[in-house]
Structure formats: C-alpha cells, structure tokens
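Down below is the structure, laid out as structure tokens.
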Amino acid sequence: MKLAGLKSIENAHEDSVWAATWVPATEDRPALLLTGSLDETVKLWRPDELDLVRTNTGHSLGVAALAAHPSGIIAASSSIDSFVRVFDVDTNATIAVLEAPPSEVWGMQFEPKGTILAVAGGSSASVKLWDTASWRLISTLSIPRPDAPKPSDKTSSKKFVLSVAWSPNGKRLACGSMDGTICVFDVDRSKLLHQLEGHNMPVRSLVFSPVDPRVLFSGSDDGHVNMHDAEGKTLLGSMSGHTSWVLSVDASPDGGAIATGSSDRTVRLWDLKMRAAIQTMSNHNDQVWSVAFRPPGGTGVRAGRLASVSDDKSVSLYDYS
C-alpha cells in the first residue's frame, strides 16, 4: 500500500482549511470532495483534477466540520457561528439550519444508514443526535463530569467534546474530549458503556474500522494514534511517528490502513498489520487539519483516493493503492 500525489491546489480557500469529507457517488455523478474553511465557505471539488464545482456560502464565521449523508444527496457544515447548515449537494438549497449555543458545534457524522446526525457538543460535554427526517433533536448523550467540582476546578471544562464517530453498524457512538478520554455509547439505549483511556491530551479525531465494528482509532495532541477495542475497553496498541499533534485520522475503505494529518505539517500512511507508519507525505507547509479517504462505489471509479487540507489554504489529492 502506498500514496502518490495526484494534484494540489494552492490557495484553494482564502483562509485556513479545517475540514474535508467526501460526498458519496450517486447515480448521476461521481463522488465529490467537500472542503470547509475559516473563510466561511464550503467548496465542492471534482476529482481527479480538483476542478471547483461550486462555492457555498451561508455561515457568518469559519467552517469547523463537515459531514456527508450516505445517500450522497445532502451534506452538513458546522461553523463557529454555532449553526449547522444542512444543504442539498447538487443545488446548495438549504434543507435545515440547526442552532446550538456558542462553542457547541465541533465534530459531526451521519449515522451509517443516514437516519441520525451526531454533533459533538463542545462545552456542554455531550453529543446531540438530530433526526434527519424531521431535523428535530431526539437525544442528548451526556458525558459524566467529575463529582462536585470546586469553582476553581478546571476539570469540567476539560470534558469539552471535540470529535465523534459512528461504528459501521450504527450501534455504537464514540466521542473524544479535551481531557484525552473517549466515551463509547450504546445509541439504542442512550447509555454510556465505558470510557477508553490511553491519551492524556485532547482527542481531536476518531474513526471506526470499516471492517471491524469493535476497532476504534483515535488521534490526539499527545502525538499518538491509538487502536482500541471499543467493546472490550482494551487498548490494542499505540502508534507514534508524528512530531506534534495528530489532528485527523481516517481509515481506508479496505480496512488495511489509516491516514493521519498532523500539526507537524505531514500526512502519514500507517500499515495496520505492521502497526507502523510506512509513508510520509509533505505536500503542506502548515498544519494538516483533515484527511479523508474516498468511500468505495460509483461508476468508473479508479483506484483509491485520499484528500488532505491545511492551514496553508491548500487542498491535496493522493492516489491510494
């Protein structure tokens, strides 16, 4: 397995690019790449040339996260303006606008069947679940705070929720916090199953293995990528190689590799059998906020693709084989 650079667009946005995700292919079009920036816009790109399809506006502050519905028809963008905008991918028509208190909208992900949008709730130490048929808030999964914190105790603020991930079967939801803990919930019962440990700094990114719903990967400011058994509450391994914060982690569709983006300005590819980094890409000259593998499917799809975005305002696309 390896990465090969295909195309990079300098100044793809007018400010730092914090988010990237792929919109799955539909019957009418191939998969598209979505990027979100502090310039308050979301852009749609057509691979492999990274041709700009459209620029979406609608936020009054920077875009912090993106999520694509598995149907490929709609997507969501969250902003530090505390709004989540749900829109039609092909027309940019607004489907819904979800409002949250300040600092309440960070990571997001649609449930694998598309029935729920999970939004990491920031300082509320919770994950909000929104029904995608009615766009109503249907549940709040709360993270336990320390008992009776003193007024001067800052521990509760460390429960700030940064990241969220669904298991492939939709039965489990994991969220990562500022204090380094990861909570795993049974979604049907709205019950906290357990907390996973292994990091001592913010967990900014989570992803489940697409081939094993028990395996969860986490990236943290401690520079490590951890591999957990999310059911057995076991740390399966810890991988290191980045020289600074791990800001993003994503799993390849074949389940054989993960990619990470870091504030050390690199993208790394990790072989999961070796549990080691096997390649480092240095396309960016500032921290890499997001990496995203293209999902499988679609007519005429060639080899695998990985995208990365950075504070340097650029977007890079790689061949994964």
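Backbone N, Cα and C atoms are what each Cβ position is placed from, and that goes for glycine too.
Annotated features, as they stand in Swiss-Prot:
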- 12-55: repeat 'WD 1' (REPEAT)
- 58-97: repeat 'WD 2' (REPEAT)
- 100-140: repeat 'WD 3' (REPEAT)
- 156-195: repeat 'WD 4' (REPEAT)
- 198-238: repeat 'WD 5' (REPEAT)
- 241-280: repeat 'WD 6' (REPEAT)
- 283-319: repeat 'WD 7' (REPEAT)
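Using the rule of three or more Cβ pairs under 8 Å, pairs at least 6 apart in sequence, the repeat 'WD 7' (283-319) is in contact with the repeat 'WD 1' (12-55). The list of residues near the repeat 'WD 1' (12-55) in space but at least 6 beyond its ends in sequence, with Cβ under 8 angstroms from a Cβ of it, reads 6, 61-68, 70-73, 75, 77, 79, 89-90, 92, 286, 289-295, 297-302, 305, 307-315, 317. The DSSP breakdown of the repeat 'WD 3' (100-140), given as helix, strand and coil counts, is 0 helix, 19 strand, 22 coil.
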